[in-house]
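If you look up Swiss-Prot, you'll see CYS261-CYS264, CYS650-CYS651 marked as disulfide bond, on the strength of experimental evidence. Taken from Swiss-Prot, the feature domain 'VWFA' applies to 308-468. If you look up Swiss-Prot, you'll see ASN118, ASN445 marked as N-linked glycosylation site. Summarising the annotation, Swiss-Prot assigns O-linked glycosylation site to THR666, SER673, THR675, THR691 and lists experimental evidence as the type of evidence. The phosphoserine annotation in Swiss-Prot covers SER60, SER466, SER886 and is backed by experimental evidence. Under the heading 4-carboxyglutamate, Swiss-Prot lists GLU282, GLU283, citing experimental evidence as support. Annotated aspartate 1-(chondroitin 4-sulfate)-ester per Swiss-Prot: ASP702, in sequence order. The feature signal peptide is assigned by Swiss-Prot to 1-18.
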Amino acid sequence: MKRLTCFFICFFLSEVSGFEIPINGLSEFVDYEDLVELAPGKFQLVAENRRYQRSLPGESEEMMEEVDQVTLYSYKVQSTITSRMATTMIQSKVVNNSPQPQNVVFDVQIPKGAFISNFSMTVDGKTFRSSIKEKTVGRALYAQARAKGKTAGLVRSSALDMENFRTEVNVLPGAKVQFELHYQEVKWRKLGSYEHRIYLQPGRLAKHLEVDVWVIEPQGLRFLHVPDTFEGHFDGVPVISKGQQKAHVSFKPTVAQQRICPNCRETAVDGELVVLYDVKREEKAGELEVFNGYFVHFFAPDNLDPIPKNILFVIDVSGSMWGVKMKQTVEAMKTILDDLRAEDHFSVIDFNQNIRTWRNDLISATKTQVADAKRYIEKIQPSGGTNINEALLRAIFILNEANNLGLLDPNSVSLIILVSDGDPTVGELKLSKIQKNVKENIQDNISLFSLGMGFDVDYDFLKRLSNENHGIAQRIYGNQDTSSQLKKFYNQVSTPLLRNVQFNYPHTSVTDVTQNNFHNYFGGSEIVVAGKFDPAKLDQIESVITATSANTQLVLETLAQMDDLQDFLSKDKHADPDFTRKLWAYLTINQLLAERSLAPTAAAKRRITRSILQMSLDHHIVTPLTSLVIENEAGDERMLADAPPQDPSCCSGALYYGSKVVPDSTPSWANPSPTPVISMLAQGSQVLESTPPPHVMRVENDPHFIIYLPKSQKNICFNIDSEPGKILNLVSDPESGIVVNGQLVGAKKPNNGKLSTYFGKLGFYFQSEDIKIEISTETITLSHGSSTFSLSWSDTAQVTNQRVQISVKKEKVVTITLDKEMSFSVLLHRVWKKHPVNVDFLGIYIPPTNKFSPKAHGLIGQFMQEPKIHIFNERPGKDPEKPEASMEVKGQKLIITRGLQKDYRTDLVFGTDVTCWFVHNSGKGFIDGHYKDYFVPQLYSFLKRP
């Protein structure tokens, strides 16, 4: 049966010597009005064990009816999600208002992979509490004092992504029972959102039915949605209150609303309450949250170009796949093939006792080839046995050969997706040998994903097979929904965005870090890393992430302070201040369980087992190695709930099974290279321990150009007064293929009759690399051919693409280097958002040591070939603090004024005063021609010289 009833009441005259507590009358929390509301027209209050009469019109005999045997007085669910860590409590209160003993069943569905942390039960005032014990200890305790008339246990359900916790208690007339179960789980991001499911199946009407879900996310909520999962019956019942970082979902139907029809006694509450949400992401380096000696790092970058993939579909077409399973698989594969991108390469292998391939090598996913592959799949006729070993080795051979021959894009990712519904029956039958063969032949750049269809397949084998080869396994339930399950899984891995993702926390006081090295990152998902630290030794935690995108090597940095969350969590009574510890424990235990299944020796397995057991006991959670012992205060009545055999792969619901690397093993290419302008440090570090070069050519403010002439050792300044929207060429070097242009933005309004202009956007074009970089006051975007990569000013990161490297320091500076011989620095100037006049703007700094060609020109580029100047006849000016002088340059004699300008490289707020000689009239006479000669039509246009 697909959905089980949460409360099943079976009535029989029991002669079992159970745990019976005689009381008189009904429980104090059930009154006559409650019963009338739950079953109108059915009840009259009578003494215990008596009957009541009701005369029916036209009938002389009496009809005797009994009071409803069991009343569900209260059914409450409270669930709190704090930074993806969900803690849920399910509580029900039941009263036996029958004159006979009744068996009361508490049967609730919880997500697979959730850890039960507590269970308690009160039977007419006598409380049973739970404790976590090692399985053998728990069974021994249970054997000593078995509770009569009571059972408890965890049951693996055949339904999708759920299991059942079931307790059965025999209670006497009038007795009340309260059940309360607590469990915890991590919310994994899939296809762009987190999904929180609460299974509501009370089985009958409840006087008080209340569900409350609190979502608390420090990152901020991007959206929150409660879909209709009850076919419109409870339209308008869920109430959603959403703020910037917190939301509350309330579901409290009245008894009348619960009824499946106006006069029915059956409940319509039979299904799932689902909450979908996602969080805001401002930083590419993710969200690093630190609290109470633990940290959690959430990483889910977007706005990245997909990495091309080489994908082999290996499909079981043995006789056991006949019928619905094959039909659904074919339907799913047709959709999946249509979703392949033009830059992808693919092939299809189908196998029974024989191995067939649609193509013996990888083929581009053109429309023609996809159509041909779909026709091939449609003709498949399942029959015969199952030769998994040869099928996987054939797939591995195709990918290995293509890679060895250089046929694969070096920036692509390679995937094998195996779909099978049974164990091998032909060829190699020993599962450990198949696992060994795959491991010995597969190259390290290949990820193997296994989809086990139905329950005849050895799912534990598929888990080991995939976890050992950079993938995961997932069970596909063989029913009418098989096609959508297959398509949903493919969608999760269809968009690889990063390769070789590694998290580093460079400090010795950071310990016990969970898996921090991942083969791939797929769009719409999220990687989560957690660890411990010593608060006495650290007041902040630094993270450095290295990864490779479609065409770029990345270094992403972030920093978190110890007290960042203290104020936020203290202001919300529902926030879980222990979420970092729980999340770390959840990840660690799940990863240890996966490692245990792959342990190469018995000694290693025993060591891992001891670690899992100790953590299970320390954190009070039920795992496959522990039992839930439920006992009364006297200790003479006990129940036992064992977890079922482990079914989910690592971190149930997670898309990644990674590995661990030492904390300081950052790739050599990730170490930021020194630049001649500014040292790129982590956010929060002190800026510029070493002094930047004192002399650069720069543009700041309105826009003020400061040109340093090394031979003369003079700074010459000029302004450009132009219109917003105009694009000025700063450097144009057609021989080197380098362009630097700047687009002007205007102030909000004129000041003293003059509208100031600033650089609001800068464009850099490196022609030989086909790389364009656009820097605005909001984003930094790198384009290479048809691919793009964006960062925001809130990131601290380093991006390397061929000869070009971009370093971003959060809210301060972007440094661009070319072959480590040429550099440009762009400073960000933020102003108060409500300032009546000023706007955010950019400043650019270019060292005169940059090796441009002699043909370089532009407002700055022309001075790479230093002109001769002669400054003489210095004299007092109209302003006593600004003397005047004459300057001969380029055959012209100019009147110049000495003053001060600002260099903001070492002090972004106040700047450092720099003495310079100012050329009036927009640099006329000092620059070649007129400033309007330097207008260009596009942000990446070369300057056309007359």
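All residue numbers here begin at 1 and follow the chain in the order shown.
Glycine is treated like the rest: Cβ placed from N, Cα and C.
A map of Swiss-Prot features onto the structure.
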residue: ASN118; record: N-linked glycosylation site; contacts (Cβ under 8 Å, 6+ apart): SER130, GLU180, LEU181, HIS182, HIS620
residue: CYS261; record: disulfide bond; contacts (Cβ under 8 Å, 6+ apart): none
residue: CYS264; record: disulfide bond; contacts (Cβ under 8 Å, 6+ apart): none
residue: GLU282; record: 4-carboxyglutamate; contacts (Cβ under 8 Å, 6+ apart): SER792, SER794
residue: GLU283; record: 4-carboxyglutamate; contacts (Cβ under 8 Å, 6+ apart): THR558, SER792, SER794, ASP795
residue: ASN445; record: N-linked glycosylation site; contacts (Cβ under 8 Å, 6+ apart): ASN403, VAL413, SER414
residue: SER886; record: phosphoserine; contacts (Cβ under 8 Å, 6+ apart): ILE871, PHE872, ASN873, LYS893, LEU894, ILE895, ILE896
- When the pLDDT values for the domain 'VWFA' (308-468) are averaged, what is the result? 94
- Message: Just to be sure I understand the packing, how many Cβ atoms besides its own are within 10 Å of the Cβ of SER466 (phosphoserine)?
- Response: 25
